[in-house]
Amino acid sequence: MEAFDIKLICRLCAREDESCIQVFGENGIKHNISKKIRLCLPIITVAEDDKYPKQICLSCLKKLDTSFELYSGCMNAQNTIKRLLKKFTQIESAKDNLPVQTPLDRVQNDVSFIC
Ligand SMILES: [Zn+2]
């Protein structure tokens, strides 16, 4: 079996790349890599104390950023849709609570207007 250096392997694509960014290093923290992986790739866990690689390559970082952008956009859209649905439901239920005027009510209103 071929020898490999786990410190050069990308955690996300398993390719060897010397320009990998450390997930828990200064750049990794600045880019929120751990959080982005947790949110966008919940099947992958990256922990400081596991035996897996703790770095990702620049190509995967770019893809992760794009995925996170999609994730964030979807979360915002979900909140907007929830707000709209709530507002729409309130309007609809307010309409349902409006008193229904019967023809007799209308006549009485007209009469009170005349008197
Ligand atoms: Zn990679």
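Glycine residues also receive a Cβ, built from the backbone N, Cα and C atoms like all the rest.
A TrEMBL annotation is a machine prediction, not a hand-curated record.
What TrEMBL records for 8-84 is domain 'ZAD'. Feature annotation from TrEMBL assigns Zn(2+) binding site to C10, C13, C57, C60.
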Same-chain residues at least 6 apart in sequence whose Cβ lies under 8 Å from C60 (Zn(2+) binding site): C10, R11, L12, C13
Of C10, C13, C57 (the binding-site residues), the residue whose Cβ has the fewest other Cβ atoms within 10 Å: C13
Near-site residues: Zn(2+), ref C10, C13, C57, C60, CB cutoff 8 A to centroid: R11, L12, A14, R15, D17, C20, I56, L58, S59, L61
Overall pLDDT for the domain 'ZAD' (8-84), taken as the rounded mean: 96
Secondary structure content of the domain 'ZAD' (8-84), with strand meaning DSSP E or B: 40 helix, 6 strand, 31 coil
